[in-house]
Amino acid sequence: MRHQSSHSRKSWDFYFMDIAYMAATRATCPRRQVGAVLVQDRKLMGSAYNGAPAGVTDCYEGGCLLVDVYEKNAAGEIVQKQHCIRTIHAEQNLILFTDRAQRLGSTVYVTDSPCWTCANMLANSGIAEIVYHRPYEKDLEKVSRLLQEKGIGFRRLETYQPPRVHSERIGD
Ligand SMILES: [Zn+2]
Ligand SMILES: [Zn+2]
């Protein structure tokens, strides 16, 4: 049996991002799977994913709950898109399921950079830093400005590679 040499030991950043990706496998919307974890002093304080409220029909059972939205594309044109609004976002669930004392000075690792609403909530949640992997381009610029104004760290793990996970749907 081969052992990895010590220089290839996983960094804390990659370790916690792996866990965020694992949490994302529990997401209940096929359009988007986001996972987030809360880390305080290198300890895992909570994990969350985007999903419908417990006990309520989710996207796998009832289909996505789509609404039309209008967004500017890269060329500055207004385009119509559809968003699924059935789920509570991972970052929001993370706030719902942790205590403020656990969030003070903590880091949120999240698979995707937060949307505007989540960033706004995280800015008021006591956390000190947000680390993400995939950029959510639509809100990235204004989210970045907000977090800078608030003094919350915001960085992307550029060289990170998510673990390969097989998706197997289970019934709960
Ligand atoms: Zn959905
Ligand atoms: Zn969000």
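Just so it is clear, glycine is given a Cβ too, placed from its N, Cα and C backbone atoms.
Database features (TrEMBL):
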ACT_SITE  GLU91  active site, proton donor
BINDING   HIS89, CYS115, CYS118  Zn(2+) binding site
DOMAIN    11-154  domain 'CMP/dCMP-type deaminase'
Greatest C-beta neighbour count within 10 angstroms, which of the binding-site residues CYS115, CYS118: CYS118
DSSP three-state assignment for CYS115 (Zn(2+) binding site): coil
Near-site residues: Zn(2+), ref HIS89, CYS115, CYS118, CB cutoff 8 A to centroid: VAL34, ALA90, GLU91, GLN92, PRO114, TRP116, THR117, ALA119, MET121
Distant-in-sequence Cβ neighbours of GLU91 (active site, proton donor), under 8 Å, six or more positions away: VAL34, ALA36, ALA48, VAL108, VAL110, PRO114, CYS118, ALA119, MET121, LEU122
Number of Cβ atoms other than its own within 10 Å, given for HIS89 (Zn(2+) binding site): 22
In three-state DSSP terms, the structure that HIS89 (Zn(2+) binding site) belongs to: coil
The domain 'CMP/dCMP-type deaminase' (11-154), counted residue by residue under DSSP: helix, strand, coil: 50 helix, 43 strand, 51 coil
